[in-house]
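Colleague: So TrEMBL lists these for the protein:
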- 64-189: domain 'EXPERA' (DOMAIN)
- 220-354: domain 'EXPERA' (DOMAIN)
- 7-27: transmembrane segment (TRANSMEM)
- 33-55: transmembrane segment (TRANSMEM)
- 67-86: transmembrane segment (TRANSMEM)
- 106-131: transmembrane segment (TRANSMEM)
- 143-163: transmembrane segment (TRANSMEM)
- 175-194: transmembrane segment (TRANSMEM)
- 215-237: transmembrane segment (TRANSMEM)
- 270-290: transmembrane segment (TRANSMEM)
- 297-316: transmembrane segment (TRANSMEM)
- 336-355: transmembrane segment (TRANSMEM)
């Protein structure tokens, strides 16, 4: 009996907790932790996905998208992360103790725990859905771009945060197993962006009419533009707060609203700098795309950006509330609602933009040449 590919990936991933339990109770050398950790996280799942999945599910497939192997391997590591998150929150025990001590102690930080929940639940389900669509000939570009944005964003926060934060003095060889988690999503994003975009078929007349309307006559786009301007302002403000701005407003905000920005783990501070130097230019580009017709790149980049902000905000908000964050760095009770609204809006804006681009892409379609929709052109 031939099993569906996504079922095979799911069953393969269930091996992860057992392997972790064995490593935690058998291996006692840091170098072996790195060696076997790399084997467990990359080599074993790749070989199993290549052999087992080909035997059970892919025997009739000759041309398999190379991204499938990335998704299959990452599905395995998703459950590794989820196991860590569950152990740190006290739901299970005996799986990660030695690895955290001699491998990656930074995985016990609140930010890392929230990151593992994101990977173990959302990314894992995302991979299964993508693989399901991949082998049924359905489009998975948008889902894969969301994953790419999410994965790249969290790695450019996580890796520097470990090196320069309070865990920088306890970086063990096993830490460097994170390197492929940065480069593989980047390679995946390049591959996805380089592929031909699947555009809906929309009559030229409809495109011409939609693109002639100014921003003032498109209330949804006008509201989104204003929200994007607000997100830009918030990015600049929290960026300079993270850079220890001496202004009274910045001092008040960091001590009375988001003291988590001063947490010595440094993850929240790096997140704000990523927003300042990377998110800010993209937010400005999106405003340009909402104002000027024919910006087809908006259809992909809005989804990629939504994934990046959703992941980083999940970790930031969750980390600022988690019990593993020292009490002095958590969001004050009396400012909880204000902080949640501000952070909630910041993550909602990119998601709303991505939904808008997905539902109604007419304005972003390639512009219609002058005269193409005229009666004379139609008659010809």
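Glycine is no exception: its Cβ is also placed from the backbone N, Cα and C atoms.
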Colleague: Report the listed stretch (67-86, 106-131, 175-194, 297-316, 336-355) having the maximum count of Cβ pairs within less than 8 Å of the transmembrane segment (215-237).
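Modeller: The stretch I would name here is 336-355.
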Colleague: Can you tell me which of 175-194, 297-316, 336-355 gets the most C-beta pairs within less than 8 Å of the transmembrane segment (106-131)?
Modeller: 297-316
Colleague: Quick check on the domain 'EXPERA' (220-354): DSSP residue counts for helix, strand, coil, in that order please.
Modeller: 110 helix, 0 strand, 25 coil
Colleague: May I ask for the residues of the chain that lie six or more residues beyond the transmembrane segment (270-290) and have a Cβ under 8 Å from a Cβ within it?
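Modeller: Residues 153, 156-157, 160-161, 215, 221, 224-225, 228-229, 231-232, 235-236, 238-243, 261, 297-298, 301-302, 305, 308-309, 312, 315-316, 353, 364 contact the transmembrane segment (270-290) from elsewhere in the chain.
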